[in-house]
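Under the heading region 'Disordered', TrEMBL lists 1-42, 58-92. If you look up TrEMBL, you'll see 1-11 marked as compositional bias 'Basic and acidic residues'. The transmembrane segment feature in TrEMBL is assigned to 99-124, 181-205, 211-242, 254-275, 287-306, 318-338, 410-428, 440-460, 480-505. Summarising the annotation, TrEMBL assigns domain 'SLC41A/MgtE integral membrane' to 140-274, 354-497.
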Amino acid sequence: MSSKPEPKDIHQPNGTGPIPSPCSSDGPGREPLAGTSEFLGPDGAGVEVVVIESRANAKGVREEDALLENGSQSNESDDISTDRGPAPPSPLKETSFSIGLQVLFPFLLAGFGTVAAGMVLDIVQHWEVFQKVTEVFILVPALLGLKGNLEMTLASRLSTAANIGQMDTPKELWRMITGNMALIQVQATVVGFLASIAAVVFGWIPDGHFSIPHAFLLCASSVATAFIASLVLGMIMIGVIIGSRKIGINPDNVATPIAASLGDLITLALLSGISWGLYLELKHWRYIYPLVCAFFVVLLPVWVVLARRSPATREVLYSGWEPVIIAMAISSVGGLILDKTVSDPNFAGMAVFTPVINGVGGNLVAVQASRISTFLHMNGMPGENSEPTPRRCPSPCTTFFSPDVNSRSARVLFLLVVPGHLVFLYTISCMQGGHTTLTLIFITFYMTAALLQVLILLYIADWMVNWMWGRGLDPDNFSIPYLTALGDLLGTGLLALSFHVLWLIGDRDTDVGD
């Protein structure tokens, strides 16, 4: 008596089994991983058997299953006798609705964080330190961009590690935490120092004026803000990722938005408070500025030693500086645009909206980049081509309208822009923030700028992550800094352009000034 075997009931040892199917790979160019086999049933028809040890790219397994499959991603998972603790709960398949549902709450939380940051910037722009040392405005996008350079990169790196089973045991978890926390402290100190230099240079070029006390003030404020903000936000990120894995939520959907929800507010509040406190000491004790800088520089060797102990962070410590530094420079250009725009009383109302449009765009593209990176890690290692020819520049139709899971998530994230910004604009209006009346023409220009920003960012993310992967670079470490910095530059530039156009066409009802 014979019956057709059910695929889910047959388990073959890894690398064994009958004749492998020619269709065992998920697409052209992928090496078969003993994922499928064929048996002849009683009627002579081939019955395909799925081997569970495949890397989730066997025929019949959809791409969204590959993104969320957790049990078969680690190379060490073949040895079931190793003590790796209880397997984390596997999330369900991701549909457009489930993606939107998981992203919505963190997205709104992050958006309200940027609204709060915008309200803070709207208030502190009138403080004496911002009026006398206008280069502080240049530091704002650069330091707020640290969440993209450091915290969001940390969140993406840890989310990928959690999804592929590299944080399942307490030993692995502790090694990942200590190495990554030490790494971001090194990066925060160096980037904070470089951001202050960029602010001094960008402030000096237009006016030709240079003040040594102001330069030390910018350096001390920037380094202290970057260090403290990265320490606090890094600890929050670790808690979010561990918690999300325990309750069965994909960390890629929630970690990066939550990193931004408090990131903008905490960083801007720290920058304002520290720069104001140091400014008060300008007339009494100027030596405090170099002392503050020296204190954080002395701590650098400690963080370097700790970061080198972890294999996961040792490579980033040596090779991960290029994207962080270039992203800081790009954000500083956005800061120069902000400085020159809000310094004009006619455009003072722009300050409250800048963190919002920059934060929303950066949050959405960071989620997409993290998801694409995790999907690629599920199917191989950086540099392994999953396509017959290296991917060059995708068409917009491929990015937004193809049936794969990453295109689906791009559509969901793009559709969140308009309702999200409407909620945030209404919140700003209710809190009477800024100096701008929310007329229909202003909302139209603002929404156009926001949609164009996110559209460009999602398209660039689709190309950049795959391009970096093909070159053997880990997108978790390299893509998000560039993308969030471009978000700052695009958001600030498009928003400044909108304000200038509104002023030129004479929309006096908008009241873009005081």
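The backbone N, Cα and C atoms fix where each Cβ goes, and this holds for glycine too.
Heads up, TrEMBL stuff is auto-annotated, nobody curated it.
Note that the structure is predicted; figures quoted are calculated from it, not measured.
Only residues 6 or more beyond the boundaries of the transmembrane segment (440-460), in the same chain, are considered here, and those with a CB under 8 A from a CB of the stretch are 353, 357, 360-361, 364-365, 368, 394, 396, 399-400, 410, 413-414, 417-418, 421-422, 425, 483, 486-487, 490-491, 494-495, 497-498, 501-502, 507, 509-510, 512. Non-local neighbours of the transmembrane segment (99-124) in the same chain are 130, 140, 144, 249-250, 253-254, 257-258, 260-265, 267-269, 272, 276, 351-356, 358-360, 363-364, 367, 408-409, 412-413, 415-416, 420, 423-424, 427-428, 431, 433-434; each lies 6+ residues outside the stretch with a CB under 8 Å from one of its CB atoms. Listed by sequence, the residues of this chain that lie at least six past the ends of the transmembrane segment (410-428) yet keep a Cβ under 8 A from its Cβ atoms are 96, 99-100, 103-104, 107-108, 111-112, 114-115, 118-119, 352-353, 356-357, 360, 364, 367-368, 399-401, 434, 438, 443, 446-447, 450-451, 454-455, 458, 462. Two recorded stretches are said to be in contact when at least 3 C-beta pairs lie under 8 angstroms, sequence spacing 6 or more; the transmembrane segment (318-338) and the transmembrane segment (287-306) fall short of this definition. With DSSP states grouped into helix (H, G, I), strand (E, B) and coil, the domain 'SLC41A/MgtE integral membrane' (140-274) comes out at 120 helix, 0 strand, 15 coil.
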